[in-house]
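> If you look up Swiss-Prot, you'll see Cys4-Cys20, Cys8-Cys22, Cys13-Cys27 marked as disulfide bond.
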Amino acid sequence: GIPCGESCVFIPCISTVIGCSCKNKVCYRN
């Protein structure tokens, strides 16, 4: 539930390496 400061509209989240995932076009962590 914490925003990772990254969007995933056109490209996937690079921050998946630190546990972030794409939700509603924004990358979140927990």
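Numbers run from 1 along the shown chain.
Cβ coordinates are placed from backbone N, Cα and C, and glycine is handled just like the others.
Remember, predicted model here, so these are calculated numbers, not experimental data.
Could you tell me the structural context for the features on the list?
Cβ-based neighbour count (10 Å, all protein chains) for Cys20 (disulfide bond) stands at 21.
Residue density at Cys8 (disulfide bond): 20 other Cβ atoms are found within 10 A of its Cβ, drawing on all protein chains shown.
Every protein chain considered, the tally of other Cβ atoms within 10 Å of the Cβ of Cys27 (disulfide bond) stands at 22.
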> Sorted by position, what residues of the same chain at least six away from Cys4 (disulfide bond) have a C-beta under 8 A from it?
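Non-local contacts for Cys4 (disulfide bond): Cys13, Ser15, Ile18, Cys20, Val26, Cys27, Tyr28, Arg29.
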> What is the number of other Cβ atoms found within 10 Å of the Cβ of Cys22 (disulfide bond)?
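18, counting other Cβ atoms within 10 Å of Cys22 (disulfide bond).
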> If you draw a 10 Å sphere on the Cβ of Cys13 (disulfide bond), how many other Cβ atoms land inside?
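Around the Cβ of Cys13 (disulfide bond), 19 other Cβ atoms lie within 10 Å.
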